[in-house]
Structure formats: structure tokens, C-alpha cells
Amino acid sequence: MEKAIRNFLSQESAGGILLLVAVALAMLMANSPLSGLYQGFLGTDVQVKIGELDIHKPLILWINDGLMAVFFLLIGLEVKRELLEGALSSVAQASLPTFAAIGGMLVPAGVYLLFNYGDPVTQAGWAIPAATDIAFALGIMALLGSRVPVSLKVFLLALAIIDDLGVIVIIALFYSTDLSTISLVIASLAIAGLVGLNRKGVTSLLPYSILGLILWVAVLKSGVHATLAGVIIAFCIPLRAKDGSSPSEGLEHSLHPWSTFFILPVFAFANAGVYVGNMNLETLISPVPVGIALGLMLGKPIGVMVFSYIAVKLKLAQLPDGVGWKQIAPVAAMCGIGFTMSMFIASLAFEHADPMYGDLARLGTLIGSIMAALVGYFWLSKVLPNKGV
């Protein structure tokens, strides 16, 4: 278990650096003479036509709907593994991160709504600060190496996975519109086929891939966000074959470097380019960026800590072995790194609104996430022993 987590985190730390480079490059291009090239590239129309099927979208939507579906496939595989065999496989193991994740979603959303209540346009962004970027948060923790107890790493991993599960539910319930009955019927048939493959013990990934592609197209056309197709596919792929091998884990290990070193950096590059030339102090302190930044910087750690404390005091959960509240607190701060996940929800929340709102949301996400990363890192570094645990 410890070796697997260390391998996971070693990739995440390198991926975190690459994410920062992608964000910096996007901001540089969006605020330089290259801005036209940057916007033109992301707006390039890409068309796929097979018979009667015709999909044409700007490149940025192929990234957000296509590449991110693969990312959510990976998230789904991780969630399934942890639920069946890992850090969430028993009530005792799952209790604390579950309560922490719930608090870490409710309180930031409440903070955002405090600043945006009454505005029907900006209220749609309530879920933006509720997300945690699992890759970036774990990457920041990985910078502290062996000083971090394994049980603390598992706690953050489990919390982030439950948080991702919550985001999946939020997308399905609140950011799916204009539903198409025909597409939903096709999607349902594809899901039935995937479940049937699982029930029959099929371990070859090819039939899952074919039905998964059909499901993705159907969900894309249905009005439900296409990334949910990735999660459904993941839950249908068997965790264990009869010979003891794991098709699910094999795919997870194959996808992980692609997600870390390609999908998330590309997503960050495509979505983090905020033009700040027309922004002033009044813009920076407007309800959207302030609500998101404070939701991430304050709402997240307060929610995680308060709900965790209540759960422990009521004996509904217990602290991880060898970990006290002084270690949990900085990890709670790290949960405020919303970054790519918050930007993704922002792209859904303000998809049909004035582009200004999307820029403000991304700006608030960047400010809040960077502050959460800095506070979490230096705080955890201060409370941990100097030698490996």
C-alpha cells in the first residue's frame, strides 16, 4: 500500500510542476501579442462525421468534453478500487474522509453564495469552490516526501476521491440541461451492454471501449455532461478477473501518466488563459472571484476541520494512526486547491453566460488555489518532523 501511494505521488509531484508551467504559459499567451493566436487555436472548429453522426465543436470543447471524459474514466477507476479494496472499503476507513469531504463541499458553496445570493447568473457558480484538484493537492504533499505519514497521505487521497465523487453527482444533477430522450435511450442501452459484459466476466477491454465510445457520443448528445460517461465505463470494468489479475488496475496504470502529463496540463493550458488587461481593483473584489477565492482559502479548510471534529467527537469516525489535529489542519488547507476541477465546473456553470463571468471564475480559482497550496505546504512543513516517519 505504501509503495503504491509513493509511486502515485511521485507522478503527481512532477505533474503538478507541469500544471504550473501550463497555467503560466496560458496566462502569458492570453496577455501578450500572442493572445489572438491562443484564442484562435482554442476556437478552431474540429468536425467528426461518420454517416449520419456529425459532431463539430471548437477545440476547447473537445478538450473539456473529450479529454476530460478520459480523466473522469481514471477517477472512476480509482474510486471503484478504493471502494472495493482500498482506503474506502470499510466503514471505519471511510468515515473520516467522508465527513471531511462533505464539509469541504458544503461550506465553500455556502461562502460563495454569501457573496452571490440573489444574482441568478452568478449563483450558478456555487459548486466551483466545492471541488478539490486531486492531482495538484497530492503533488503539493509529495514535495514533503517521506516526512508525511502514510496514513495522512491515505486520508488526503480518500478525501479527494470522495470529493471527486461528489463533483460527479453535482455535474449530473445541476449542470445537465436540454435533455434528449433519444440520446438517453441509446445511452441506457450502452450502459446495459456494459453491465452485461461485466456480469459475464468479460475482461477484454476492447468491447468495453466500443460500447464506451457509443455511450460517450450518446451522453454528449443527450444534454448530460459527457464526462459522466467516463465514470460509468469505469464502474463497469471488472476489478478482478478469475485468474486474480485486474483489468481495471491495468487500465488505471496505463491512463495515469497520460492524465498527469498530457490531459490535465492540456486542460489547464486551454482554460487558465485569463486576459487581465481590462480588470481593475473593482473587478478583483467583485462577488464571483471573491466568493470562489474565499470559498477555497477559508471555506474548504473550515468545512473539512469542523465536520471532521464533529465526527470524531460523536465517535462516528477516528483520526488516522499517528496523526493529530495539527497535521489534519494543513491538509484541510490543501483541499482548497480547486484548480483544474474548479475551472472545469466554472466552464459548465457559465457556459451560456457572458464570457466575463468565466474569466472572473478562473481568476478567483487561480488566486484561491495558489494561496491554499502555499498555506497548506508551509503549514504542513512546519508541523511535520524533519526526518522521515
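If you go along the chain as it appears here, the first residue is 1 and each next one adds 1.
Every residue gets a Cβ built from N, Cα and C, even glycine.
These numbers come from a predicted model, not from an experiment.
Swiss-Prot annotations:
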type	residues	note
TRANSMEM	14-34	transmembrane segment
TRANSMEM	59-79	transmembrane segment
TRANSMEM	95-115	transmembrane segment
TRANSMEM	124-144	transmembrane segment
TRANSMEM	154-174	transmembrane segment
TRANSMEM	177-197	transmembrane segment
TRANSMEM	213-233	transmembrane segment
TRANSMEM	257-277	transmembrane segment
TRANSMEM	292-312	transmembrane segment
TRANSMEM	328-348	transmembrane segment
TRANSMEM	363-383	transmembrane segment
Between 59-79, 154-174, 177-197, 213-233, who has the most Cβ pairs under 8 Å to the transmembrane segment (124-144)?
154-174
Same-chain Cβ contacts of the transmembrane segment (177-197) under 8 Å, 6 or more residues past its ends?
207-208, 211-212, 214-215, 218-219, 221-224, 229, 232-233, 236
Which of 59-79, 95-115, 213-233, 257-277, 363-383 contacts the transmembrane segment (328-348) most, counting Cβ pairs under 8 Å:
363-383
For the transmembrane segment (363-383), give me same-chain residues lying six or more residues beyond its boundaries with a C-beta closer than 8 angstroms to one of its C-beta atoms, as numbers and ranges.
23, 128-129, 133, 136-137, 140-141, 143-144, 147-148, 272, 274, 276, 279, 284, 288-297, 300-301, 326-327, 329-331, 333-339, 342-343, 346
With CB pairs under 8 Å as the measure, which of the listed stretches 59-79, 95-115, 213-233 comes out on top against the transmembrane segment (257-277)?
59-79
Leading contact stretch, 59-79, 213-233, 292-312 vs the transmembrane segment (95-115) - CB distance under 8 Å:
292-312
